[in-house]
Structures are given as C-alpha cells and as structure tokens.
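S.K.: Below are the features I grabbed from Swiss-Prot:
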REGION    1-68  region 'Disordered'
COMPBIAS  31-65  compositional bias 'Basic and acidic residues'
TRANSMEM  229-249  transmembrane segment
TRANSMEM  288-308  transmembrane segment
TRANSMEM  363-385  transmembrane segment
TRANSMEM  475-495  transmembrane segment
TRANSMEM  507-527  transmembrane segment
REGION    594-656  region 'Disordered'
COMPBIAS  619-643  compositional bias 'Low complexity'
DOMAIN    651-871  domain 'ABC transporter 1'
BINDING   683-690, 1289-1296  ATP binding site
TRANSMEM  937-957  transmembrane segment
DOMAIN    943-1217  domain 'ABC transmembrane type-1 2'
TRANSMEM  974-994  transmembrane segment
TRANSMEM  1067-1087  transmembrane segment
TRANSMEM  1167-1187  transmembrane segment
DOMAIN    1255-1496  domain 'ABC transporter 2'
Amino acid sequence: MSPLLPTHWGASAPQNEPTLPSPSHSVSTRVGDEEKLRRSEGSDGEDRINLDSNKYDVKGMKETEDGGANKQVMVVFEQKSGKELEKPIEEGPFTQPRWRHSLPFVKPKHPPPPPPLSLDDAPVTPEVSANFFNLLFFNWISPMMALGSARPLQDADLWRMDAARGAKPLSEKLLASYAARTKKANEYNARLADPNTPLPFSRRILYSVLPHREQREKDYRKKHGKKHASLAMSLLDVFGWFFMSAGFIKVFGDTCQAVTPLVIRRLINWSANYQAAKSAGLDLPSRGPGIGAAIGLLLLLICSSLGMHHYFIRSMGTGVLSRAAIISAVYQQALQFTQKSRGQIPNGKLVNHISTDTSRIDFAAGFSHMLWTAPVQMIVIIIILIVQIGYSALPGIAFLLVMTPLQARFMKTLFMFRKKAATWTDKRAKLLQEILGGMRIVKYMAWEKPFLERIHAIRSMELKYIRLLLIFRSGMTAIAMSLPILAAILSFITYSLTSHSLEAAKIFTVITLFNLMRMPLMMWPMTLSSTADALNALGRLEAVFDAELVKEEKKVDPSMDVAIRLENASFTWDSAPIEEDNMMSKLTGKYAKVLNGGKPGGPPGKKEKKNKPKKVTAAEEIQAETAAGQPGAGEASAEGQGQKNPSAPGIDEEISEKKEVEIFQLRDINLNIPKGSLTAIVGAIGSGKSSLLQGLMGEMRRTTGSVTFSGSTSLCAQTPWIQNATVRENILFGQPWDEERYWAAIRDSSLEADLELLEDGDGTEIGEKGINLSGGQKQRVNIARAIYYNADIIALDDPLSALDAGVGKAIFFNAIINALSGKTRVLVTHALHLLPYVDNIIMMEDGKIGEVGTYRELKERNGAFAKLIKEFGNEELAEEKMETEEEAVESSGPTVTHDRANMMSKGSAHTLMQTEERNVGALKKGTFFDYLKAGKGVFMLPLLFFCIVVAQSFYVITSFWLVWWEETKWPQPNGFYMGIYAGLGVGLAIALFFQGFSNALINYFASVNIHHNAISRVMLAPQTFFDTTPLGRIMNRFSKDTDTIDNTLSDAMRMAISTLANIVGSVILLAIIEPYFLIAMAVVSLLYLHNAMFYRRSSREFKRIDSILRSSLYSHFSESLSGVATIRSYGETARFFEDNIHRVDIENRAYYLTIVNQRWLGLRLDFLGSLLSFSVAIIVVCSSSVSASNGGLGLSTIVSVQQAFSWLVRQIAEVENDMVGAERIMHYANELEQESPHQIEGTKPPASWPSEGTIEFKDVRMRYRPELPDVLKGLTLNVGASEKIGVVGRTGAGKSSIMVALFRMSELSHGFIKIDGVDVSKVGLNDLRSGISIIPQDPLLFSGTLRSNIDPFNTKTDAELYDTLRRSHLIGSSDSSHNSDSQNRFNLDTVIEEEGGNLSVGERSLVSLARALVRNTKVLVLDEATASVDLETDAKIQETIRQEFRDRTLLCIAHRLKTILAYDRILVMSDGQVAEFDTPENLFLSGGIFTEMCSKANISLADIKAAAALRF
C-alpha cells in the first residue's frame, strides 16, 4: 500500500483499488501572503516553488505516479497566467487539521489542504486498514471531522468505500439470492399443486377435524399454501453475519446495562451502613468498597455504551448497504422491463421505490434487532426484579405484559395507516412526475390551478393518515414512557400492602430497573412501526423483482448471409391492467368535487336530464395509470380500451356499450433484409410500421418465431431521447472520441449551423428532454448519434418527419444514403417521394407484411403499394415541392461557410441546468423560525411548553414522593402515600400524552403548510425554472424531503424535545439533592458543547453533500428510464448500469460517513455521561450530607438519564440534519421566483375577452433569461381581427419567441403587447392564457383517458366532446354514432399512456387540435404544428383549421410556404425583428426576402393568386 495522503491524515489505499469514473471537480482557494509560492531555478535544473512570486490559486490535489509503483500526492497550483504547477503536499504551506485544532486556544499555523481535484482522487476509507483501537473508538474518522471543522467539506474530500461494499457486488448478490429463492418457491409450488403430494403434517391434522376438508385442501394447494420469494430473506443472505452479529453485540451491551442496578444497590447499602454507623457513633466503614463500586459502575456504563454503538454501526451500516443494493438492483431490473412491466410499474412509482421505500428499509435496519433484544432485556430485568422484591414485582410485571398486546394492537393500526398513506404517496408522486414533466403545456393551457387542486386533494388524503399516524405515535410514546413508573407504583403498593417496609436500597434498585425498561418499551413500538413500514416497502419492492423482464439478448450471427432474418415471427403489445384502488372511492365532499374538476360547462336541457355530462370520478382521474397500450407503437394504439362510454345527448345509446380491449399484433412475419441495404417500411396509419421496428429492437413481445441479426444495432427513434448533457456527450453516447468521425456526423446530420448558433457550440448543455433545442434540432442530434455510433444495423423510426423537408432531404441523401452506405438501414417513413432511392420496400397492412420488393416491382404489381402511390401521388409531388419551399425558407439568407472553431466548445457558456443550491455552515438563518411559523408555533409552542412543565413537575414530585414515603415525612398511613403516588403516575402519563400530541400537531401543521406552499410556488414558477432544474431534483423535494418532514423530522423533534425535558427535570432533581453536582455538570457540559460543535460542522456538510448527490442519483434514474428503448437498442444497458452504480457509490460516501460520525459523537458523549454518573457515585460515597435515600434517588436518576445526554445531542443533530431537507423544500415554499400574478382583480378583462382578436406588438424586446441576449429586438406589428398571419424565417430568427412573448412565458424587457386593446402585461396570466389557444410543435399528453386530455376539468358534455373528436378527425364523420365509434380506435374513454406513449406523433397532434377546439378561443397559435406529422395528418389538420377557425385570429409559425400562402399576411422574421410584413402578393412583388423564398421554392405569382382564392 502507498499513502494517498500523509499518514497523519490517516488515509491509505491499496494500489490495486479500482478507480471509478467521475466528473471533474476542482475547488480554488487563495493562498495568503505568507504562503506565496516562489519559483527559482535549482542546481539540478528542476523548477522549484518560489514564495516571492505572484499569487497562485490552489486548484486541488491529485495522485501521481513517481517512478513506477510509488504514488505521490501533489497539490496543483494555477498561476495567474494559467500555467499549472505541482508540488508534493508534504512541502506545501498546509496544516492537516486535527482534533486539538478545534480548541479555542490551539490554532494551526497554515490553512487546511484543498480537496482532491476529482472524485477519482479520493482515497479509500481508512476503516479498512485501521487497527483495533481505532475501530473500537471510531478514531479513524477523526481526521475527516477535523478537516470538516477547519473548512467546509467538498464531495471530493470524502473517502471511497472499499470494493467489497460497492453497490455492484452487493446488487449482484441480492439479485442472485432472490432468483434462487424464487426458483425454490416455484419448485415447491409445483410439487404442492400435484394432488399426489401430501400436505404438511400440521395441515393434514387440522383439516381432518374441520368441515369441507377437500375444499380446504384445494384452496391451500391453489392459494394459501403457495410460497413466494422473500426480499427480506434475500437481504439476509447478502448481509447475514455482519447484520446478525450486531444483535449479539447489543445483547452484550444490554447485559452490562442490566447489571448496573445491582452495583447501585451495593452503593446505596454502603451509604446506608455509613450513615447508620455515623448516627450510632460507631467506627465508620472504609470508603474503598464504595469507591470500588463507583469504578465498577463506570466500567459497566462504558462497556454498555461500546456495545450499543457498535451495534448501531453494524445495523445502520447494513441499512446503508441494503439501500445501495436495492437501488442498483431496481435500476438493473427497470432497464430490462418488458412493456407490460413498464405499464404496471411506471417511472413515478420506481422513483418512489428508490427514494421513500429504500429509506424506510434503511431506517428499519438500524433498529430491527430490538424486536428480539428488547424482550430479552425485559426478561433479564424482570428476573432481577423478582430476586430483589420477590412476588411483589409481579403486579407491575403483569401490568407491563397486559399492556404489550395493546401496544401490538396500536402497531397493527399504525401499519394500516402507513400502508394507506403510502398508497396516496404513490399517487401523488405519479401525478407530480407527469405534471412537472409537462409544465410547458400546463402553462400554455393555464391548467396550473386546476392541477394544483388535484394535487392538494390527493395530499389531503395522504395527510389524513399521516395525522392519525402522528397521534397514535404520541399515544404509544406516552404509554411507553409511563409504563415503568406505573408498573413501579403497582409493585411498591403491593410490596407495602404485604407488610414490607420500604428500604432505600430496594426502592431505588427497583426504580432503576423499571427505568431501564423505559428504553426497550419506548423503542420496541418504534421498532415495530419501522419494521412494519419496512415490510410494507419490501412487499412493494418485490413487485419490481418479480416483474417480467426482457428474457433474451439480441441473437447475433455474424456468419449470416443477410443482415436481419425473421422466421415465422409474431409480436404483440402487452396490455397492462388499469390499477384499481378501492380507497379512491373514499374521496368525499370537497375532495371528490375537486377531482371531478368542477361542474360541467352548462346545464343540460330538460330532455337531457338523464344524459348529464359524465362527472369524472376521483378514481378515473387519478387512477388512469398505464393501461392497455402499446408505447412506442404510434399506429398500434388500443382500440376501444375496454372502457364503458356514457351515453350523451345526440349520441346513440350503443356508444356506451363496453368494448373489449383490442391488442395490436404483428403476425407471421417472414423477412430477410440484405446486408448493406436501405429498406423502407411504409403503410397506412395503424398498419404496424413502427411496431415492426420495435419488434426488431426487442421492445415488442415476440410470441413465436425468431429474429437474428448479423451485427450490432442502433435506433433513431421518432421521438428523440436527449440527455441532460452537452451536445457532444449526447452524440458520442459513451463511444470513444474520434475527431474526424465526429465532425463528419455533425456535417451529415446538418448540425453545423445549429452549433454555430449555440452559445458554447457542441459544449452547450442541453436541458432535460432537450428542452433548449427545437424539435428539428433534437432529431438531428438523434441522427448524429446514430451515425457516430457506427453500428452495423441502424433502425430509423420516421426521423425525417420532425425535420424541415429541405433539411430532411439533405439528411436523407447525405446521412442515410451516403454516410451510412455499407450499413444496413431500416427506415420507417411516410415520405413516398423518397422511395425510388431505397433498395427494398416493405408494405405493412393490418399487422402483416403485405408486399416486399423494389419500388418498380411494387408499382408494377398494382397491389396495395401501387394503390397507396396512386392515392397519394399528387401529395408525393407536393412533398417534393415542400422540400424546395422549406429549403427556400431556411436558406433565405447569405451563404455561410461553417468554421469548426465556431462549433466547438469555448468553455465560457452559461450553465443551463443550475447547480443545486447548497448552504454551507449552519442552517440558514430563520429556518427553524420558518418551520415553526408553518407549524402554527405562535399558538402551539406555548401549549407545548405548558405540557412540558406540567409533565416534568409530575416527574420530579413523583421521584421525591418515594423518598418522603420511605422517610415517612408526614405522619400519615400508607394509604395516603399510595394514593398520591398512584395519582402522580397517572397524571404524568396524561401530561406526557398531551406533550407528544402538541409536538405532533406542530409537525403536522408544518408538513401541511410547507408542502402546500412549496407545490403552489413550484406550479406558479416561471418556465425558466423548469428549463434549468432537473425533474429528478424537483421530485426529490416532493418525495424524500417531503417524507422527511412528514415522518423522520417529526420523530426526531419529538425525541429531542422529550429527552431535553427529561434531562432538565433530572438536573433539577439532582441539584436539589446535592448542589455540588452542578459543578460537575458545568464542566461536563462544556465538553459536551465542544464535542457537539466539533461534530456539527462536519455532520451538516455530510448531510448536505448527501442530499445533493442523492438528487443527482434520482435525476439520472428518472432520465435514463425515460430513454430505456434507446439505451437497449444501442446495447448501452451495461454502461448506464455502471453509471448508476457509480452514482450510488458516490452518494454512499457521504451517507456512510454520516452514520459513522454519529457513532463517533455518541460514544464520546456517553463517556462523558458515564463520568457524570461516576461523579454522582463519588458524591454519594464522599459526601456526609447526602442521605441513603437521596443518594439512591440521585444514582437511579443519573443512570437512567446518562445516555439521554448523548441521545439529546444526537437527536438535536438529527433534527438539524433532517431540517436540511425541510430547508430545501422551504426554499421552494418561501423563496422560489414566481411568475407574474395569475389573477389581477382590478384589471380582470371581460369574460368574453378577447372578442375580436386584434393583436398589437409595439417595440417588443424579450430575452429568455436575464443573462442571455435579446431574442426579440424591437418587434412592432399589428394583427387585425380574425386575420390569418403566417410567420416564416430561418432557425433562430425569433419565430417561436413571438409565441413565448404572447403567452408571457418570458416577460418583456421593453415594449408591450395588446390584445383587443388590452395590454397583456396588465392582466393576470390565467386570464391571458385562458383567452388564447395553442397547438404546440411537441404535443404532450397526460396519462388518463382521451376525455381527460381534451377536457381535463369536465367543462363539456359528451355530445360536445364527440363532436370535437369528429371535427379533429380522431373519429369518423359518419352520421351514425355507432359506426363512428366502432370503426375507430378512439372513444372518450380510450386510455392514454404517460406522455401519450401509445399514440403516434400524428395522433397526438390531432388530440392537441381537439384541445384547441374544446377551448374555442378567439386567438389561436400554431407552432409548427404540422412539422412532425405525415401528409394525411397534415391534410386533416389543415382542413380543420380552414373550416373551424374562419372567424379566429390565427398566427401560424410555418416551415412550409404552401401552408400559409392562403393566409392574409406573411410575417418574415430575421434576427428577432420584422424583416417583411405584408400580403403574400405584395411581398412577392416587393422583391425582398419572401420573393427569394418563393423563387427558390418555384412558387409563382399565379400560385399565390390561386391560393388567395382559397382564403379563409
């Protein structure tokens, strides 16, 4: 081994320890004047550091090779000139922080060293090489804590886990164990199903005496007797000995603790004998035995503490590693999900599994051994009690035993509440995942507030069970705290009634024993609760482990004479059942009303009363989870979807008949695709073109036959999957850098002009889902990736449809024909005019191959293909013309020569995705105040304080009452003392309940208000927030952080407050007994405070780093799962799995150190607490003024609370750590930037606004973010009522920015926009966006039904909605409702999957058109709405626009000149300004840019005049 850091840092790493890839990390620190670096030329010619030279920046540290096997740690300095220098760390002006430097009078001479340059350079944890002493006392983490005390820790500072505890080997073991257990269970179930296999002996005996034996045996074989693999047992297989040994260590610690009362008895007996001898004037006994007993007490307490903390490090360590193994295994499983599994377990649920469920398993692992050690500890204490006071202890013990079933009943109820709460948590997470992922369309449609109401409704149901959980936990805690006192009361009363006299030694030994029961009694219910939560979570996770996976890898045969061979292959899409949840029916009152979306648009007529608009129930709205669909197969959407359709006015009754779900299938596919050929797949909508491609790629279930490839594959999907990474990283996609191949791919995919426009060229960061790229740019990046990947076989799923026709033509010839020549290309396309250039054509008909051949062969056959060509012959010519038109539009400027330097990263761009906010140091000022304010602290804190004072008063008086009873302070009978003692105990129990209840209410109100405010502000945040913040980060706030404030923070605060109250009460009691105790308390308190402050500086940074790394993990998890089809088609599953493993391991560095430094602190604070107990024992031995009774009371009190001192510090730290999560979500709740008001009452426009549709832009300037340049630069134009305006211009000219400005997605920096004379900046955003409509370029749908997507808040009748479906061509225009419904795949209850995954792009565009028809506004914007659809869909959309929007004002941002020639005026944009604006005729005659466009597109004045005759 060679040290990566100096030995005094305590870190060394084996040379063969593998390093993990990670992003670069650097931190700069300015060195002071005394550490200036000097460089001078040495005699040996080597450069030396010169301390007299200019200042340098310390960039970080790295490990370098020094002559072979030896390694050396170098500090990297950067000179002002940019030159980097390296220097061994031993020679640097740094002082490695140590514990002593945290003392106020010991300061290091130099600053601490900087962090390593990257995560790769972090050393392996020194735990693996630490000696026994350092492991025993956790000294190995001290250097890290000292560094954290000296400066804020960075992620690169944190040690790597050793390879054996990496996520990869652990997840592999877990999956292997679960698979083995599943196999064993299946074998047992198979044997059990055989009637010849005898049932287990116990069942045979039981059923022989019960009626209906045969039926019982049958049920047992089919259902009750079946076994199922257990994930909990699989985890035990992986962590068996390490985890189980923790329990035995705890038993050792508990045994030491249970013996302490016997030592206390010896001390009290010695004190009583000493006092008696002193009173009688006899020789005083030697103090030696007393001091010896005090030392014995100290040693027992230290051993007990060591046992407890080493128990926790093993059990909690198991939790950390279990979480890592489960997350990695879940990710690996999810990457292999079949379509059916993805439908049953959507991404939102998976994110909830890895955030909430794994956290509950992790938490439970730390305490689960208490399920059996607590009863063992109780039994040992009970035996000692019986030995001490005989059978008088039995009533108290019996009371405890009677109360145990009550606790178990409470736990069962808690388990039920937790399960119900988790169900609603899943629903909330799923809804949030979809809404936040589609916020752009939500804002365009002004749906923020209605969706907010849905979220609040679900949250209210979730909080209903959380509230009950908090109340029950308060009750259980009060019972657990009170049980020892009430049991002691019963035992003492019995002891007194049986004619025994109370003796100090017996009293306080028994009290100490009963007090020792408090912790197991208090922890056991919590352990039961957490175990119940964990078992529930494990049960939910088992669905992931049991999910159906893609069973086989692609079959590759390089020797095959063809590229792809399909033999008798049939494929089918899976149908995922709609999730049913009876709990949804329990939404009543306002929640049901909210989820129903309010009242319908208008009351039905008298004849329509029986046919009222269907009110969408909560179950239908929220439960519309993935169902009966075929993601990825646009044409193959489910027909009917099996939903019952309500009858409606004007709709034939037969529409409402329930229809069977029709699953799309490809049948009997036999196909050979030659190597190096270009094969096109064509066919009508719904024929199975994309399905065939998905079947080839393994995304569609193959039911029969075989598919064989001759080489590697890649997929260019119709909807491109773009990662949150740079343009270059998206194109490379994990492949090695090859400069020439890379720039060739850029050129062939027509990305050169785009890279020059981007601020940082190919180093520009792309947001999630390619948010800052246009649809065409995303598709070109997608194509460039396929070209660069250099696979043998490339599947292209209609990639040209998203491109301008001119660009599409260029890419077809430059990329598909030329650059990929020699590769096997399979192209799905609707561009019929390109077919003469392909080698082979496959004609799909109704899920079968209709014809195969060359273009000429198929035309000559006069079959289906010839019919298709004949039917769309004119449109084929039109398509070629469109290409010329669009090429003219895009090339309407000077010819540009592309400079590679302009396309490369310059390293100076603004980062799109904002770095996650991280406060350094203590919690942000006001965090606790804001939390308490949210928790209604003004009212609740006084109530809580009052309950604490009352409870502690009862505690102190109850403790002293025993002393007074033993001393017979008042001449009263025993009944007097017994009655008051019992009353005090009951009063204490009641006070403790109200104390816990008050605390629970504060946490409940805080949870309600923080989440409400946070999601409200997020929903009303500007669009730039969603463009620059990863969805995974936002979801982390509303999953893990919300779970923290709902549950973890509540428990931590309750424990901290109750512990603090107990300590205060105990200190008051001890001060009354012996005031000198306060001196020892003051000294120890200073040491407590110093250790706590030393701990907190590193603890909070561990937590914050962990939170940030966890968000990164969740973001990667969500992002990669959304692109699983692309990942699998490229064969990159292993790389993404390794990336996820790396992220889990990186996060575990911070998380594991958080656990260890808690143990470091706990052990030291327990030692200080043991010293306090020792000091009380010495006071009892050495002080003559302390009576035996008071000494016994003091000893029993300090022993029972000595661990409470360390527990308090840990709980306060835990509260602070958990408050980090609250701080993060409160940042959203209080500080998140907001859009302009959505409602402005004083300037609310009339309900009919806009009624005319006039639009005026005056000197409009706009930028997307403050740090970016203007994209609109003084735009001025006027649009008349019902005028149709076509907008054209090159990419980046500002076309779409007009729409952004009109909808106020970004606010203007200058000028104004008026609609019907109303300045849009003066009206609320909701009024503005509700008054105008949009058909966006990328139509986004939400999971649910077709009804919920076009009329999500139930404002229209069924008749109106069916009429809309006809007008938007989603169903036929036949007069017969029955025919139109039965002959089309759509009805109002057709299930729509997440993001409309089971519809084609064209079908999604038609749904978007239907939305616009339902909204029926005076102003409509089409943002390149037909750019990504086929000719047939384009024709339908244009026909609907012409017929339905005659009297509407229309702004059409167009690619194709043909689509806007019939418009009233044409707006030509250039560089954010109006270049030309007039009628098509006048612009053509003006000889400007538009004339040039028309000339290049071969459009004549006659064409324009002909189009003018067709104007709206």
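Cβ atoms are placed via backbone N, Cα and C, with glycine included.
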S.K.: In this predicted model, what is the average pLDDT of the domain 'ABC transporter 1' (651-871)?
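M.R.: PLDDT averaged over the stretch: 84.
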S.K.: Taking a Cβ cut-off under 8 Å, which residues six or more beyond the ends of the transmembrane segment (1167-1187) line up next to it in the same chain?
M.R.: 267-268, 270-271, 275, 278, 287, 290-291, 293-295, 297-298, 301-302, 305, 504, 1070, 1073-1074, 1076-1077, 1080-1081, 1084, 1087-1088, 1091, 1194-1195, 1198-1199, 1202-1206
S.K.: Counting only pairs at least 6 apart in sequence, do the transmembrane segment (507-527) and the transmembrane segment (363-385) share 3+ Cβ pairs under 8 Å?
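M.R.: Counting Cβ pairs under 8 Å (6 or more apart in sequence), the transmembrane segment (507-527) reaches the transmembrane segment (363-385), since there are 3 or more.
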S.K.: Tell me which of the binding-site residues Ile685, Ala1293 sits in the most Cβ-dense spot, judged by other Cβ atoms within 10 Å.
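M.R.: The residue with the most neighbouring Cβ atoms within 10 Å is Ala1293.
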S.K.: Are there residues of the same chain, six or more positions away from Lys1295 (ATP binding site), whose CB falls under 8 angstroms from its CB, and which are they?
M.R.: Val1287, Val1288, Gly1289, Ile1453, Met1469
S.K.: With Cβ-Cβ distances below 8 Å as the criterion, list the same-chain residues six or more beyond the ends of the transmembrane segment (974-994) that contact it, or say none.
M.R.: 474-475, 477-479, 481-482, 485-486, 489, 492-493, 496-497, 947, 950-951, 954-955, 957-958, 961-962, 964-965, 1058
S.K.: Could you tell me whether the transmembrane segment (475-495) and the transmembrane segment (229-249) have 3+ CB pairs under 8 A, leaving out pairs under 6 positions apart?
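M.R.: In this chain the transmembrane segment (229-249) does not contact the transmembrane segment (475-495) - fewer than 3 Cβ pairs sit under 8 Å.
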S.K.: According to DSSP, does Lys689 (ATP binding site) fall in a helix, a strand, or coil?
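M.R.: SS state of Lys689 (ATP binding site) = helix.
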S.K.: Restricting to the same chain and to sequence separations of six or more, state which residues have a Cβ under 8 Å from that of Gly683 (ATP binding site).
M.R.: Lys689, Met843, Met844, Glu845, Gly850, Leu868
S.K.: Could you find out if DSSP has Gly683 (ATP binding site) as helix, strand or coil?
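M.R.: In three-state terms, Gly683 (ATP binding site) counts as strand.
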S.K.: When neighbour density is defined as the number of other C-beta atoms within 10 angstroms of a residue's C-beta, which of the binding-site residues Ser687, Lys689 has the lowest density?
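M.R.: Counting other Cβ atoms within 10 Å of each of the binding-site residues Ser687, Lys689 gives the minimum at Ser687.
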